[in-house]
Amino acid sequence: MASSSSSSSNSSTSSSALSGRLPGARSANPRKARILGLFDAIQDAVGPPKQAAADRRTVEKTWKLMDKVVRLCQNPKLQLKNSPPYILDILPDTYQHLRLILSKYDDNQKLAQLSENEYFKIYIDSLMKKSKRAIRLFKEGKERMYEEQSQERRNLTKLSLIFSHMLAEIKAIFPSGQFQGDTFRITKADAAEFWRKFFGERTIVPWKIFRQCLHEVQQISSGLEAMALKSTIDLTCNDYISVFEFDIFARLFQPWSSILRNWNFLAVTHPGYMAFLTYDEVKARLQKYSLKHGSYIFRLSCTRLGQWAIGYVTAGGNILQTIPHNKPLFQALIDGSREGFYLYPDGRSYNPDLTDLCEPTPHDHIKVTQEQYELYCEMGSTFQLCKICAENDKDVKIEPCGHLMCTSCLTSWQESDGQGCPFCRCEIKGTEPIIVDPFDPRDENRCCSFNDSLCTPMFDFDDDDLREECLIMNRLASLRKMNERQNSPVTSPGSSPLLQRRKTPPDPVQIPHLNLPPVPPRLDLIQRGLARSPCASPTGSPKSSPCMARKQDKPLPAPPPPLREPPPPPERPPPIPPDSRTCRHLHHAENVPCRDQSTPNEAWCTRDLSGGNQPSVCRVTHDGSPKLGVSSSVLNGRHSRVSTEAGFMRHKHHKRRESPLETHRVYNGLSGNEEYDVPPRLSPPPPTITIHPTVICPLLANSASDKVRNSAEEDDSEYKIPSSHPVSSRLPLHCHSIKHFPRLCENGQCLSNGAHNGISEIKN
């Protein structure tokens with residue numbers, strides 16, 4: 001008797017769970033089931049009721065309903081395909097995550113907080129309703145559930161998608177079982193600002209409230225449009241909009257400034273949009289267009305929420321599906337249409353024109369702070385340089401983590417199936433183009449920008465003022481560079497624009513290692529001003545910053561002390577008699593004498609670069625260029641590096657890559673043939689040496705070498721400038737012949753036009 005009563009109560013409870021309503025209702029009656037389904041739809045349209053507390057008992061009841069759905073879907077007659085969304089994987093994963101959440105809130109106090117959590121209450125209630133709906137679907141559909149093309153089977157697939165969305169949402173709001181909905185990071189900054197402004201730290205809001213707030217920012221034209229919008233945003237179909245669903249909507253129909261316009265074009269009027277469609281259903285739908293190359297449809301990706309999946313028919317009749325990365329959907333469709341992939345939406349001949357959605361998006365500017373500048377200087381790098389390839393400038397920001405890199409590295413990472421951000425492994429939900437504005441210590445105290453300078457009169461300067469003259473040259477060079485970039489077919493800049501900053505050229509007295517003109521008058525001021533201009537160097541990589549032409553394998557110099565005046569230059573040493581020195585001149589058509597730089601002498605002498613005990617032995621290579629044997633000199637406690645001009649060989653132990661086009665360096669307004677971590681102090685110039693291109697005097701070379709060695713040991717604390725002694729072309733008569741190598745003269749430096757296929761050492 002007791003067993004019969006127990007069985008009757010169990011059957012009554014079971015029927016109550018299946019029907020979802022009155023305990024006395026009979027689920028076997030299809031008419032009543034349809035009425036109850038209509039009642040559910042009306043209640044959903046009216047609005048959600050007040051949620052009860054989601055205590056442990058309620059959660060366990062939901063588990064039982066989920067378990068029943070799993071057992072119904074395990075029927076072999078269904079022949080469910082193991083492809084997303086696979087309900088036999090989704091519901092067990094949901095169950096495991098709920099168990100994880102309860103384990104994190106095991107004591108009574110924490111469990112009470114969890115049961116009163118607004119989002120958790122709504123989630124458990126929605127999960128229970130969806131489970132009951134799935135059970136009722138099996139009860140109503142009966143044998144039609146086993147037909148793949150039936151409407152009941154289609155409804156089961158839609159429920160599977162909803163369960164999949166709910167699983168992704170609970171994992172995002174409760175990562176590792178801990179509630180973090182109040183700190184959830186919305187990917188797009190402007191969308192996040194909207195949510196914070198209207199909803200603060202709330203995790204979920206009713207649809208009616210969300211609609212009113214959205215209408216204040218972007219107008220919703222009609223109630224019909226509002227219903228269609230709700231069906232797009234409300235992925236879990238519970239009449240609430242969570243911060244997770246809002247983030248996905250903002251990513252799908254970006255940018256936020258025109259999000260409703262984009263949504264109307266792509267989801268309302270576009271014939272290629274398919275809502276709640278799976279991978280297999282896309283293939284089945286496009287199968288009838290297998291002979292029509294270019295047919296396509298697109299849907300929300302169920303495995304990567306927030307991204308689109310586009311299915312299309314190839315020229316060979318195959319059906320492929322792809323997920324576009326790092327670009328909005330309308331841009332992907334426009335590009336695919338130009339390339340002949342996306343021509344016929346859902347097989348139709350009319351392909352909507354989406355070019356109206358293409359509006360120039362302003363790039364976010366990231367200003368490098370002084371602390372970042374100094375930190376990266378100590379590491380021998382720059383903030384704007386991509387830390388993965390060390391070649392290109394950072395031009396893209398990963399969202400929501402905010403890490404920066406160059407586009408080529410991000411594309412390569414994603415094509416290699418890299419998961420998440422390469423730096424922090426955070427999920428890549430989106431990207432934004434950015435421009436890094438380098439820090440310039442010379443412009444630190446200036447508020448005017450390059451745009452402001454264009455509006456001010458530029459010709460109120462003194463012709464004798466070198467600073468102002470070079471400043472004008474810099475501006476003209478910047479304008480020319482900017483015009484070249486505007487005429488370039490490349491639309492998206494990969495580096496900082498020239499409009500953002502203006503650099504005053506450095507005082508030539510503060511840069512003693514620049515090539516000085518040999519004799520007055522100084523007609524080369526314009527050329528030298530352009531060469532020193534950070535924006536005028538033509539040797540930078542196309543992908544690098546136009547105001548930061550550099551070689552990637554060398555560190556940036558440390559920031560110079562502000563407002564430090566250099567000491568006055570000392571008097572030049574008296575000229576050395578011609579009979580006690582040797583000279584070298586260049587042999588070319590015009591027989592133009594070169595500037596008496598110390599580099600030719602260093603090619604065959606021993607010197608101490610730092611004034612320490614570690615000499616650096618130089619030798620002449622086959623092309624006549626000097627090559628250091630040992631380089632361990634230190635300038636101000638930091639290692640210096642050897643010149644890497646186009647006519648010079650690289651240092652032995654320096655094996656990083658460098659662009660072959662870069663022959664000139666610009667660092668924070670300082671340019672020169674050698675690079676230092678701080679502005680260098682040059683030793684007094686060695687005696688000028690004259691050597692015929694085909695003969696050399698070894699005896700005089702020894703004496704000259706001693707003089708150079710003695711001059712290098714002088715006190716380097718005083719400020720030195722290069723010498724400009726006259727060049728002697730007289731030759732001693734008693735000299736030994738050596739092999740001649742053809743040489744060129746460029747900017748006062750001796751360059752070889754031969755190949756690096758041998759080494760010729762000059763012996764004393």
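Backbone N, Cα and C atoms are what each Cβ position is placed from, and that goes for glycine too.
These come from Swiss-Prot:
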type: BINDING; residues: ASP234, THR236, ASN238, TYR240, GLU245; note: Ca(2+) binding site
type: BINDING; residues: ARG299; note: 4-O-phospho-L-tyrosine binding site
type: COMPBIAS; residues: 1-19; note: compositional bias 'Low complexity'
type: COMPBIAS; residues: 485-498; note: compositional bias 'Polar residues'
type: COMPBIAS; residues: 556-578; note: compositional bias 'Pro residues'
type: DOMAIN; residues: 48-356; note: domain 'Cbl-PTB'
type: REGION; residues: 1-27; note: region 'Disordered'
type: REGION; residues: 48-180; note: region '4H'
type: REGION; residues: 357-385; note: region 'Linker'
type: REGION; residues: 482-583; note: region 'Disordered'
type: REGION; residues: 707-726; note: region 'Disordered'
type: ZN_FING; residues: 386-425; note: zinc finger
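Feature map: annotations from Swiss-Prot on the structure.
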residue : record                              : DSSP class
ASP234  : Ca(2+) binding site                 : coil
TYR240  : Ca(2+) binding site                 : strand
GLU245  : Ca(2+) binding site                 : helix
ARG299  : 4-O-phospho-L-tyrosine binding site : strand
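Taken through DSSP, the region 'Linker' (357-385) splits into 10 helix, 5 strand, 14 coil.
Other residues of the same chain near the Ca(2+) site, with their Cβ within 8 Å of the Cβ centroid of ASP234, THR236, ASN238, TYR240, GLU245, are SER126, ILE204, TRP207, ILE233, LEU235, CYS237, ASP239, ILE241, SER242. Here the Cα atom of GLU245 (Ca(2+) binding site) is found 16 Å from that of the residue listed as '4-O-phospho-L-tyrosine binding site'. For the pair formed by ARG299 (4-O-phospho-L-tyrosine binding site) and TYR240 (Ca(2+) binding site), distance between Cα atoms is given as 22 Å, rounded to the nearest Å. The binding-site residues under consideration are ASP234, GLU245. Their Cβ neighbour counts within 10 Å are lowest for ASP234.
In the predicted model, residues of the region '4H' (48-180) average a pLDDT of 92. The residues of the region '4H' (48-180), classed with DSSP into helix (H, G, I), strand (E, B) and coil, number 99 helix, 0 strand, 34 coil. Helix, strand and coil counts from DSSP across the zinc finger (386-425) read 9 helix, 7 strand, 24 coil.
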